[in-house]
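What TrEMBL records for this protein:
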type     : residues : note
TRANSMEM : 21-42    : transmembrane segment
TRANSMEM : 75-100   : transmembrane segment
DOMAIN   : 79-263   : domain 'ABC transmembrane type-1'
TRANSMEM : 121-139  : transmembrane segment
TRANSMEM : 145-167  : transmembrane segment
TRANSMEM : 188-204  : transmembrane segment
TRANSMEM : 242-263  : transmembrane segment
Amino acid sequence: MRSGVTFRIAEESIAVRPRRLRLTLSGAPLGLILPVVLALGFELAVRFGLIEGRLLPPPSRIAATLTSLYQSGDLWLHILTTLARVGAGFAFGVAAGTLLGAAAGASSLIRRLIDPTLQGLRSIPSIAWVPLFILWLGIFEASKVALIAVGVFFPVYLGVSGAILAIDRKIVEVGRVARLSRLGMVRRILLPAILPAYVLALRAGLGLGWMFVVAAEFMGASEGLGYLLVDGQQLGKADQILATILVFAVLGKLTDSVISAVARPFLAWQDIAAEAR
């Protein structure tokens, strides 16, 4: 009886969460204050001659470069190409990391078998994979997607396996006392326990995916944001390099926000201290 009341209270608490979540979103514009202040300060420093504007162009020149790329249609071409590569690599990396992480977390035999090797591979720098993937897969899309998938894989694998190993035995016992079925145990006990760490692992994997795509697009790419970086470096266009870095930052933040927004309804049961303030 007590366990039934416990589950009912937990489920009812979810209903009051959306209001609190909406209230916290009102503080979102605060995050824009720092970049705006830095941009204004840098613009003024260049205009007053405190900083050399040739190698460190001011935000006004970066904005003009972005406008020019947008009007020519090149910006969207490079953005969509990079997004497609990151999306494909993220999908493959998440799938592999989730499956192997779940297997390693659930089975000590599998964990002892694969974890030492994967931990060793995890320490290999991303750039070290480039010549091997070019040799195996060529300089086309397959090698680029494979490199991004490698970057995404390890945070997801570690997050899933670690979350399963960290499940409190007491909550499993609660499920058994409540006489939950195997499916009910997974749905109401195990998945909620794993999900917060899994979301963090996805966000970390996505962040590494954006880092690895730069190395991937150095591999003979003729399209993509990484190509814009190389082109800007070869032609001495510092404004194009900084504009591309800015686009990377915006895309990384937007895609991370998408994961957070999608996961938020599934984590509504959490009552964490950060949201109480």
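We count from 1, first residue shown onward.
Yeah, the Cβs are placed from backbone N, Cα and C, and that goes for glycine too.
Because TrEMBL annotations are produced automatically, they should be read as predictions rather than curated entries.
Note that the structure is predicted; figures quoted are calculated from it, not measured.
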Subject >> Residues from the same chain, set at least six apart from the ends of the transmembrane segment (75-100), whose C-beta lies under 8 A from its own >> reply: 66, 69, 114, 118, 141, 144-157, 159-161, 198, 201-202, 205-206, 209-210, 212-213, 216-217, 223-228, 247, 251, 255
Subject >> Surrounding residues of the transmembrane segment (242-263) on its own chain - C-beta under 8 Å, 6+ positions past either end >> reply: 57, 62, 65-66, 69, 75, 79, 82-83, 86, 195, 199, 202-203, 206-207, 210, 214, 225, 228-229, 232
**OP:** Give residue numbers and ranges for long-range contacts of the transmembrane segment (121-139): same chain, 6 or more residues beyond its ends, CB-CB under 8 A.
**Re:** 146-147, 150-151, 154, 158, 211-212, 215-216, 218-220
